[in-house]
Amino acid sequence: MAPSAIAPVISAKSLDLTFQTADAPVHALKDVSLDILPGDFVSFIGPSGCGKTTFLRCIAGLETPTGGTLTVNGMSADEARRARAYGYVFQAAGLYPWRTISGNIKLPLEIMGYSKADQNSRVAEVLELVELSDFGGKFPWQLSGGMQQRASIARALAFDADILLMDEPFGALDEIVRDHLNEQLLELWARTDKTIAFVTHSIPEAVYLSTKIVVMSPRPGRITDVIDSPLPKERPLDIRDTPEFIEIAHRVREGLRAGHADD
Amino acid sequence: MGKWLPVLTVILAIFAGWYATVPFMNIKETLSALERAGAVVTPDSPIERRDAPSFALVVKNSFAVPATYAQDRPRLPAPHQVALDLWQTTVEKKITSKRSLVYHGWITLSATLLGFVIGTGGGILLAVGIVHSRAMDMSVMPWAIASQTIPILAIAPMIIVVLNSVGIQGLVPKAIISAYLSFFPVVVGMVKGLRAPDAMQLDLLKTYHATQAQVFWKLRLPASMPYLFASLKIGVAAALVGAIVAELPAGGARGLGGRMLTGSYYGQMVQIWSALVLAAVLAAVLVLLIGLAQRMTLKRMGLT
């Protein structure tokens, strides 16, 4: 590799994953190759069964590919998981009901052995980042769904991981809340320089957020199109009415339709 | 008031039914006693009375109904007779007396508490083992279930005799029988509670590269608390039953079980009823205390 080239944070080459089930093997991923560079915001979009969540779980070391190679920060995915290379945000906030919001954010810090003082300063910092500073002492049930999801993002940001993996984090929220959280997420990404991999089934969300959009299709799960977004890094919500935005959204829709041609 | 009205209604109905039943249960002995005292009863032949239905006897001798509530050894004592006996054997007797129910109640309670602690501790340990080891899951659970299908009345005397032959007697054998009954609900509840966290919550801890011990202390144990307390309530009541049953073959006429046994030997139904009522009160208080601990713990955990 030329020394001037930037090394990818996540690199997948000909990744295959086949689940052995009772009747027939399921090809969750077939020949998936993709490089994600530092500071990228990559969205994975596709219908259910296209392997977008499975691919994210492979990156996280929660699933083991049956073929191909996958490196995260230059290590194997499992080594990267052990090295705590990423924060993972699930579709459900999954906060512990017996811990306060601060307590929930401390959970990974306690497990990773951060000092008490460090824990407190980090909690304050990420609470401020997701605009929940006044809610640290509240229990999860006292917060709305959107606020709970913000707390779960704060939990994933609290420790030093420069990768953020997000699996349909706003899928269960209504559109107004989702718009607001999308805006906040972009701000947060600009402030933290994280590399973000984001799974979604919403075309506007994917186009609005991403620097790179990966379109996937099912049976077998594969990548059908990778779109580098020409949109600027600074993105107000009304950018969604510009011709460029509509153009990209159109290309994503075409890609999704092509993947369905065999149905 | 709205909360107590249904409770009072049920209690009132029980007492009404109880008082209504007493004459029919006690009429034969009452008539015999009255006849010995010179009263005229119908029919006057004891053999005819023995074969006559109680209902007919009460109807024909309605004058004797008040006396059915005041017998020395009634077949079915009236509530006020039980209450009087309870008063006399708890408040009016010194608690060191062999005839004090407080004395006997404490003997049973101490065995219950020791058994409950052993049973709960053992149950939690077993549940932890079952959740973390597939071998234990496969091997221990069937035995735990099988253990509960054996009638406790059959196994209690064996435990007493076996332990007595190695020189262990008194409190410990009774506590072991108590523990035998109380560990099971704790095992079942804790296994369910420790397995309550879903795949997503376990995956989350995996992304933190948490150790097994951290998963247990930070996730599984707190998640199991509501299940634990539900089990403890069943377990403590079972422990009390175990202690009382254990006192039946133990002889020596100590404890509430002993009171029930001697009561049945000597036809002292009042004594049996008093012991029963005290056992019920003890069970209610124990369950109430656990409920209190539950509310305090879950409140502190923010779960209520």
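The backbone N, Cα and C atoms fix where each Cβ goes, glycine too.
Annotations in TrEMBL come from automatic prediction, not curation.
Under the heading domain 'ABC transmembrane type-1', TrEMBL lists B:101-294. What TrEMBL records for B:7-25, B:106-131, B:143-163, B:175-194, B:227-250, B:270-293 is transmembrane segment.
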Subject >> Criterion met for the transmembrane segment (B:270-293) and the transmembrane segment (B:143-163) (at least three Cβ pairs under 8 Å) >> reply: no
Original post:
Looking at the transmembrane segment (B:106-131) and the transmembrane segment (B:7-25), are there 3+ C-beta pairs under 8 A, with each pair at least 6 apart in sequence?
Top reply: no
**OP:** Using a Cβ cut-off of under 8 Å, list the residues of the same chain at least 6 residues beyond the transmembrane segment (B:7-25) that approach it.
**Re:** 54-55, 58, 65, 68-69, 74-79
Original post:
Are there residues at least 6 beyond the ends of the transmembrane segment (B:227-250) whose Cβ is under 8 Å from a Cβ of it, and what are they?
Top reply: 107-109, 111-113, 115-116, 119-120, 123-124, 152-153, 156-157, 159-161, 173-175, 177-186, 188-190, 192-193, 196, 256-258, 260-261, 279, 282-283, 286-287, 290-291, 293-294, 297-298
